[in-house]
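Participant: Got a structure for you, questions after.
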């Protein structure tokens, strides 16, 4: 019998500190950096974001999202036999956030590892978990996107520091006799490493190079719109479906203009676009599972709906997953 995988539970968590554009602008003004609510909303669609407290880590955020996803799936933590965490902001250089989170869940033994594809991380992680379940290597996988991007922001650069937020989202992916994950399409092109990166690295007890995020916004925008369309069309072709079969488009929540452009290229009405970037900002690998969980819990996404998940991020990486919820 053919083995498939499907999502059986979703969960998410945002740190309680919500920062509006006006509040962020006031904090930046003290440092001599000028911005405003109008400037941010016009260019990004972002109105607020959440920042974690200094002592809160990606594993802390991921733990809360994981607990909610496990509960939604009707499982216990001990039922999980695979943990994959997509993150670019780990608690430490090593071991992985997944191993730390596994211990916090009170379980041991199952494989646990991190996956780093920046803002594409969740679609990469979901694809890997799907493949492992189909191969028989796992039956109940916990797939998490968790980030504390506030730690790597340059608050003297108004073009980047206003974009990002912290948070976590998670899904439980279980073995199934009927298809849930219908198709996926992943890509990368390393020649674009420099347009979105944190170039610093640790050497001899010191950080060499900048430990803060740097981005060429125009280059990212130009690349993102094209590759998101191509990845979406590739997954549809693999699944034998059409754009009109998509019930909900859940893209990486980076910028409202990119999201609207992608929907337009796929000839999807904006009513089919799940948007959380206005309240969450760009939470990198956490953005897609955060948006998915919010859409499920609000009643928008229902069982049987066809969902297109899309991510694009540093690397340059991009990809899409088409699934039946």
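From the backbone N, Cα and C atoms, a Cβ is placed for every residue, glycine too.
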Participant: Swiss-Prot lists region 'ACP-binding' for one of the ranges 253-257, 258-262, 263-267; which is that range?
Facilitator: 253-257
Participant: Under a three-state reduction of DSSP output, how is residue 252 (active site) classified: helix, strand, or coil?
Facilitator: coil
Participant: How many whole Å apart are the CA atoms of residue 282 (active site) and residue 252 (active site)?
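Facilitator: Between the Cα atoms of residue 282 (active site) and residue 252 (active site), the distance comes to 8 Å.
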Participant: Does residue 252 (active site) have same-chain partners at least 6 apart in sequence with Cβ under 8 Å from its own Cβ, and which are they?
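Facilitator: Long-range Cβ contacts: 119, 120, 282, 287, 288, 310, 311, 312, 313.
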Participant: How many neighbouring Cβ atoms, not counting its own, are there within 10 Å of the Cβ of residue 119 (active site)?
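Facilitator: There are 32 such Cβ atoms around residue 119 (active site).
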